[in-house]
Amino acid sequence: MSKASALLAGLTGAALVAAHGHVSHIVVNGVYYRNYDPTTDWYQPNPPTVIGWTAADQDNGFVEPNSFGTPDIICHKSATPGGGHATVAAGDKINIVWTPEWPESHIGPVIDYLAACNGDCETVDKSSLRWFKIDGAGYDKAAGRWAADALRANGNSWLVQIPSDLKAGNYVLRHEIIALHGAQSPNGAQAYPQCINLRVTGGGSNLPSGVAGTSLYKATDPGILFNPYVSSPDYTVPGPALIAGAASSIAQSTSVATATGTATVPGGGGANPTATTTAATSAAPSTTLRTTTTSAAQTTAPPSGDVQTKYGQCGGNGWTGPTVCAPGSSCSVLNEWYSQCL
């Protein structure tokens, strides 16, 4: 499909389709960096140069377990490297902010990996990247909630720390939520990998070994094929073990942006951060960003009454919300607790 055709299709469904989400930006040391926006940037002939990887997830969709052995699981569907990077120091904390609000029903783990690029990340072959896990939070029995719940409570954001002893160099940060609301059934889990280019300064000499992205998970792993609806579940976060000295997560908080940065391109530089009067993030949840919504004319009459958007919940035990799906999708039963517009 050409981009022109895809743009027409995207605009036609813009008022109806609202899937799960993507990372909108990061905040590090008070500086806001814009990420790739698959819902708008993909359609632009000259999209902005950003730190995030380009991916063909215009519907804010996911990678299914049947594709975990393919390159799509590395940095999302048909992903290509971002055109620039952000500079951080070893030991820095990065606030990763999602949009739109992560669905309450989409419970599951939050996982972060790094991979050394051994050169410019902007031109790296994604199949050559070897990923090591720097955090991975699943179900917290003491708190009685999933990591995705903690992300929602933290202003729809996640705080991750770059290892303080990490060797300086260029790295890709792979941040991911795995939604388990349909994981009781084969091929029911939903992975949302997001990749961001970083240049890490300072640090030490630690460069952990890693695994290829296509080897991170299997569709039958205990943390992928899993019933999350049991009381106080015993859950194993999928993927390789955490690197030595890493914790499953750090204490979560949001970060206030006091300046706006731009992506640095190889051999050049991004603009110096400029002060901003609007906080990109603040204590839960008050991200303030200007957005523009375009609604295309309806070519067919929508169903009457409450209509659930594509990928939204449309049924399940105790469900009292919409049961009619937007045009182009139908209500599919994933298990007795959850039905989804697909």
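Using the three backbone atoms N, Cα and C, a Cβ is placed for every residue, glycine included.
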Given that Swiss-Prot annotates His20, His106 as Cu(2+)-binding, name the residue from Tyr192, Tyr217, Tyr229, Tyr235 that shares the site. Tyr192
Cross-link partner of Cys195 (disulfide, per Swiss-Prot) out of Cys75, Cys325, Cys331: Cys75
Smallest Cα-Cα separation from Gln190 (O2 binding site) among the recorded positions Cys75, His106, Cys117, Cys121 is shown by His106
Look at each of the binding-site residues, His20, His106, His181, and point out the one with the fewest other Cβ atoms around it within 10 Å. His20
What's the CA to CA span in angstrom from His181 (O2 binding site) over to Cys121 (disulfide bond)? 34
Mean predicted confidence [pLDDT] for the domain 'CBM1' (306-342): 71
